[in-house]
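All remarks here apply to the structure that follows.
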Amino acid sequence: MDARTVLVLNGPNLNLLGEREPELYGRETLADVERLCVTAADRHGLGVDFRQSNHEGTLVDWVQEGRAGIAGIVLNAAGYTHTSVALRDALAACRVPRVEVHISDIHAREDFRRHSYLADVCDHHVVGHGVAGYAEAVDWLAGRAGGA
Ligand code: CA2
């Protein structure tokens with residue numbers, strides 16, 4: 001990874017995207033989301049490192065890996081959004097811009113989804129715009145990185 005890399009991290013169960021609950025998450029798969037991110041980044045002369053894990057510690061390791069020297073981090077922490085002080089602490093230690101993304105509108109769902117432990121340690125938020133929100137996040141980071 002280098003200063004032209006956007007690190008896109010996806011949390012638990014997002015590997016199953018497209019398999020159920022299309023009314024909430026759409027019909028696109030995570031491979032489709034990766035293509036969206038790559039296309040968006042390419043328009044700005046940026047590259048994408050796209051990853052998914054079901055494990056909190058792995059996501060913490062990856063946030064730490066991207067904490068400096070890259071264009072920024074796009075993170076959909078999925079269920080860990082609402083539980084993880086560890087991910088929050090890792091994000092707080094970052095020196096690069098961070099964007100929190102959620103495919104669905106977490107503020108219009110169950111009460112337990114309304115609180116994000118990550119929101120105030122991220123610089124920008126894209127919530128409820130479907131998978132297109134990932135491309136919006138990449139576009140926002142490109143603006144911060146001085147991309148085209
Ligand atoms: O809206 C989002 O992007 C979420 O981060 C998705 C998480 C949920 O826990 C958050 O509250 C909001 C769920 C990710 C699992 O997504 C699946 C989608 C389709 C099939 C299986 C899992």
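Note: Cβ is positioned from N, Cα and C throughout, glycine not excepted.
Keep in mind it's a predicted model, so treat the numbers as computed, not measured.
Per TrEMBL, the features are:
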ACT_SITE  TYR25  active site, proton acceptor
ACT_SITE  HIS102  active site, proton donor
BINDING   ASN76, HIS82, ASP89, ILE103, SER104, ARG113  substrate binding site
SITE      ARG20  site 'Transition state stabilizer'
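Shown here: features listed in TrEMBL, placed on the structure.
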residue : record                             : CB count, 10 Å
ARG20   : site 'Transition state stabilizer' : 10
TYR25   : active site, proton acceptor       : 18
ASN76   : substrate binding site             : 26
HIS82   : substrate binding site             : 16
ASP89   : substrate binding site             : 13
HIS102  : active site, proton donor          : 23
ILE103  : substrate binding site             : 23
SER104  : substrate binding site             : 18
ARG113  : substrate binding site             : 16
Between TYR25 (active site, proton acceptor) and HIS82 (substrate binding site), the C-alpha gap once rounded to whole angstrom: 18
Candidates near ligand 1 among the recorded positions ARG20, TYR25, ASN76, ASP89, judged by a Cβ under 6 angstroms: ARG20, TYR25, ASN76
Distance, ASN76 (substrate binding site) to the residue listed as 'active site, proton donor' (CA atoms, angstrom): 6
Integer Cα-Cα distance in angstrom, HIS82 (substrate binding site) to ARG20 (site 'Transition state stabilizer'): 21
Collapsed DSSP category at HIS82 (substrate binding site): helix
DSSP-derived structure type at ARG20 (site 'Transition state stabilizer'), helix or strand or else coil: coil
Cα-to-Cα gap, SER104 (substrate binding site) vs ARG20 (site 'Transition state stabilizer'), nearest whole Å: 14
Local backbone state of ILE103 (substrate binding site), from DSSP in three classes: coil
Integer Å distance between the CA atoms belonging to ARG20 (site 'Transition state stabilizer') and ASP89 (substrate binding site): 32
